[in-house]
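Student: Residues or ranges marked as domain 'CMP/dCMP-type deaminase' in TrEMBL: 9-144. Residues or ranges marked as Zn(2+) binding site by TrEMBL: His78, Cys103, Cys106. Residues or ranges marked as active site, proton donor by TrEMBL: Glu80.
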Amino acid sequence: MGKRVDYINWDEYFMGIAVLSGKRSKDPSTQVGACIVNDEKKIVGVGYNGFPAGCSDEEFPWEREGEFLKTKYPFVMHAEQNAILNSIKRLKNCSIYVGLFPCHECAKAIIQSGIREVVYLSDKYSGTDSNTASKMMFDASGVRYRQLHPKKEKIEISLNIEDI
Ligand SMILES: O=c1[nH]c(=O)n([C@H]2C[C@H](O)[C@@H](COP(=O)(O)O)O2)cc1CO
Ligand SMILES: [Zn+2]
């Protein structure tokens with residue numbers, strides 16, 4: 001019998017884990033997940049966007065607009081930063097898989113952590129100052145970035161016991 005042929009490749013696997021991690025996010029508008037992988041293709045950290053520990057999802061606001069302190073923006077931790085802080089090993093030469101191209105704050109944390117490659121799906125904030133600043137810093141510090149164009153657009157998983 002030959003090997004299975006419709007298995008997912010490494011990029012799809014790691015991006016799949018990033019996107020699955022984003023499913024934990026309580027943000028009603030944008031759910032972002034991130035997965036950090038070392039040069040032995042081992043996962044060393046995952047994260048998603050959410051409020052810091054102790055800051056209740058019920059009490060802190062998820063609004064996008066209005067008075068700054070009544071929006072999510074001063075409070076929400078980005079997926080990339082959570083993945084970096086959650087990581088179990090040093091991140092030198094790692095890659096980070098993330099659903100959304102990193103903002104300038106995450107870009108700084110990515111560079112300083114030693115991560116050398118960013119793989120992303122969406123670049124929906126391309127052209128904004130934050131996005132341009134990220135690209136300027138990645139270019140200057142030699143962090144590569146590439147958009148993933150997966151052959152498989154959907155990876156289905158079932159938690160039904162009959163499917164295992
Ligand atoms: O790099 C990022 N990583 C990340 O986790 N986020 C999170 C923060 C917010 O919860 C949400 C962005 O919200 P919005 O698209 O509604 O402005 O995504 C946002 C960015 C910005 O690119
Ligand atoms: Zn960010």
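Glycine residues also receive a Cβ, built from the backbone N, Cα and C atoms like all the rest.
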Student: Please report how many Å separate the Cα atom of the residue listed as 'active site, proton donor' from that of Cys106 (Zn(2+) binding site), as a whole number.
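Tutor: Between the alpha carbons of the residue listed as 'active site, proton donor' and Cys106 (Zn(2+) binding site) there are 6 Å.
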Student: Got a sec? Which of these binding-site residues, Cys103, Cys106, has the most Cβ atoms within 10 Å?
Tutor: Cys106
Student: With DSSP helix as H/G/I and strand as E/B, how many residues of the domain 'CMP/dCMP-type deaminase' (9-144) fall in helix, strand and coil?
Tutor: 47 helix, 26 strand, 63 coil
Student: For the recorded positions His78, Glu80, which one has its C-beta crowded by the most other C-beta atoms within 10 angstroms?
Tutor: Glu80
Student: To what whole number does the mean pLDDT across the domain 'CMP/dCMP-type deaminase' (9-144) round?
Tutor: 97
Student: Give the sequence-ordered set of same-chain residues, not counting His78, Cys103, Cys106, with Cβ within 8 Å of the centre of the Cβ atoms defining the Zn(2+) site.
Tutor: Ala79, Glu80, Gln81, Pro102, His104, Glu105, Ala107, Ala109
